[in-house]
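Noted in TrEMBL for the protein shown:
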BINDING   Lys8, Thr167, Asp168, Thr209, Gly210, Gly211, Met212, Arg213, Ser214, Lys215  ATP binding site
BINDING   Ser48, Asp135, Asn147  substrate binding site
DOMAIN    275-358  domain 'PUA'
Amino acid sequence: MNRRIVVKIGSSSITSEEGGLNRAHIRFFADELASLQASGHQVLLVSSGAIAAGFRRVGYAARPKLVHEKQASAAVGQALLMEAYQEAFAAHGIAAAQILLTRPDFGNRQRALNAQLTIEELLKLRAVPIINENDTVAVDEIKFGENDSLSALVANLVKASGLYILTDIEGLFTADPRKDASARKIERVDVISEALYRIAGGAGSAVGTGGMRSKIEAARIAMGGGVATFVGRVTEPGDLVAAVAGSGRGTYFASSLHSLPAKKQWIGFLSVPQGRVAVDAGAEAALLNGGRSLLPAGVLSAEGDFHPGDVIEVVSADGRILGRGVSNYNAWQITAVAGLSSEDASRRVDVSRVEVIHRDEWVTTYVPKEAELS
């Protein structure tokens, strides 16, 4: 069956520890992607590596830490990265297309649609869209998990069949296999829990920033869009084809049985919250387990400067993030009615709906504490 596939490659897979591109590795990955395309699949590539490719060329001895130094490195490195990909894919008669995105591009529905339509046209032309974060302008996004979350957002945007996040470790283990001989590989994950995050480490290499934790978060985002995810290693010819076929060297994350509709995907994962409200235990239970709307009586406090129609984050009394939703109130109105009954709240402020967040515009993002690992 022909599928739409998003492949994510990190800096450590295509650059050296000292900086600069490993063109042999880039040719290898181009060969693997070309094989998938030749078998009828539509292929998108999310590739990190601009900063790692450029920092030596501009004169830095090691990967820079200051934002403006990273941006300068990325400005040079992105051109070098695309040049290498163009050359590698040209050997297969495939055009490589550059698309640079930032988080706000997904938060704005029109810009996200424009990106989606461009990608659709490129796939129709059998080009390979190569997507990277625009590190030269995205100040906060330079610290954005080595493009792992970006790859999940792209997979959801284009309604991909699968997301394949390639790394230098053969999937998720109960401990770091490079340090602990008793580490056991987790073959499949059906539910992402706090336990899974706890066993994930930090950044994996000197040239990259994305550790296993960010890959778990990417899988969680992809699950929300109904996209299955593979996290693992591809080093030999045929490895990527095997991963797509279900026999890869890594961990498979199942897609959710109930993928979110497009609007809720935007609320839960693409939007940028404009504020937050804290809620009591009763409201927490109603939102997480009862499928109920958030009413003024359950609100403890509000932060930020938001307005009706803005997406806000909802946290528990002890600060745990529960989810996101579209507010029907201004921030000051929520402060004025916090803890009041719906009847008293409607007398206190003039709003179109008494619910602070209606259940149809609410998305739970809370991660449960435990889940069985297989």
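Glycine too: its Cβ is placed from the backbone N, Cα and C atoms.
Automated prediction, rather than curation, is the source of TrEMBL annotations.
Here the features listed in TrEMBL are painted onto the structure.
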{"residue": "Lys8", "record": "ATP binding site", "Cβ neighbours (10 Å)": "29"}
{"residue": "Ser48", "record": "substrate binding site", "Cβ neighbours (10 Å)": "29"}
{"residue": "Asp135", "record": "substrate binding site", "Cβ neighbours (10 Å)": "26"}
{"residue": "Asn147", "record": "substrate binding site", "Cβ neighbours (10 Å)": "30"}
{"residue": "Asp168", "record": "ATP binding site", "Cβ neighbours (10 Å)": "13"}
{"residue": "Met212", "record": "ATP binding site", "Cβ neighbours (10 Å)": "25"}
{"residue": "Ser214", "record": "ATP binding site", "Cβ neighbours (10 Å)": "23"}
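Taking CA atoms as the reference points, Met212 (ATP binding site) and Asn147 (substrate binding site) are 12 Å apart. For the binding-site residues Lys8, Asp168, Ser214, a Cα-Cα cutoff of 10 angstroms around Ser48 (substrate binding site) retains Lys8. In this structure, the CA atom of Ser214 (ATP binding site) is 9 Å away from the CA atom of Asn147 (substrate binding site). Here the Cα atom of Asp135 (substrate binding site) is found 17 Å from that of Lys8 (ATP binding site).
Taking H, G and I as helix, E and B as strand and the rest as coil, DSSP gives the domain 'PUA' (275-358) the counts 25 helix, 24 strand, 35 coil. Spanning the residues Ser48, Asp135, Asn147 that the record associates with binding substrate, the maximal Cα-Cα distance equals 11 Å. Between the C-alpha atoms of Asp168 (ATP binding site) and Asn147 (substrate binding site), the distance comes to 15 Å. In this structure the alpha carbons, written CA, of Asn147 (substrate binding site) and Lys8 (ATP binding site) are 8 Å apart.
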